[in-house]
Amino acid sequence: MTPPAPSDRSPSPRTRRRPPSARTTHRSPWLRLLPGISSQRRGFILAWWGFALTFGGMRLLTWLIHIDVAGVGDVQAGGVHIHHYVWGIVLLAVVGAAGLVNRSARARAWMGLAYGVGTALVVDEAALLISLEDVYWDTEGWISIALAIALIAVVGGVLAVTRGRRTAAKDRNRHGGDGSTDE
């Protein structure tokens, strides 16, 4: 007796494919957090949020280190302080490489968030990178703060204005092009 052909065997539970209607769809947590926002725009919004929150968080953390709070300290390797802009550059390099490989909507959201975090880590130490001296808590260190606040304001403004223009364009199209209604 010959064994059944591979096509005659019933598939094992592991290899059996469920019909599309029975498959579970994994919704991104960003879809629940930002409903109605396109995947492209979601990445920009998450980058903005990531930047603002990371910048504020790093300022708080470095202040705690500066006032010598117990349990909070610098990251060091071999006795050398590693500034947080290094982690930002590494994170930006990872985001860049990931962007070359994966451009799905889910990846775009995560990359947007990581991009904002990495950019904040670098911008927070922009004054140090410009002067090549550790001026974080000196007067010259305010360059980093001014740059970060300007970025948060400008990008937030652009996000608000472009959202408003898109909504206004939809309203014009809905109401006959001139924005007026038939009421």
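Cβ coordinates are placed from backbone N, Cα and C, and glycine is handled just like the others.
What TrEMBL records for 14-26 is compositional bias 'Basic residues'.
The feature region 'Disordered' is assigned by TrEMBL to 1-26.
Summarising the annotation, TrEMBL assigns transmembrane segment to 44-65 (among others).
Annotated transmembrane segment per TrEMBL: 85-102 (among others), in sequence order.
Per TrEMBL, the feature transmembrane segment maps to 109-130 (among others).
For the transmembrane segment (142-162), the residues of the chain that approach it from at least six positions outside its boundaries are 41, 44-45, 48, 51-52, 55, 59, 120, 123-128, 130, 136, judged by C-beta separation under 8 angstroms. What TrEMBL records for 142-162 (among others) is transmembrane segment.
Away from its own ends, the transmembrane segment (44-65) comes close to residues 30, 34, 37, 72-74, 84, 109, 112-117, 119-121, 123-124, 136, 145, 148, 151-152, 155-156, 159 of its chain (Cβ-Cβ under 8 Å, at least six residues beyond either end).
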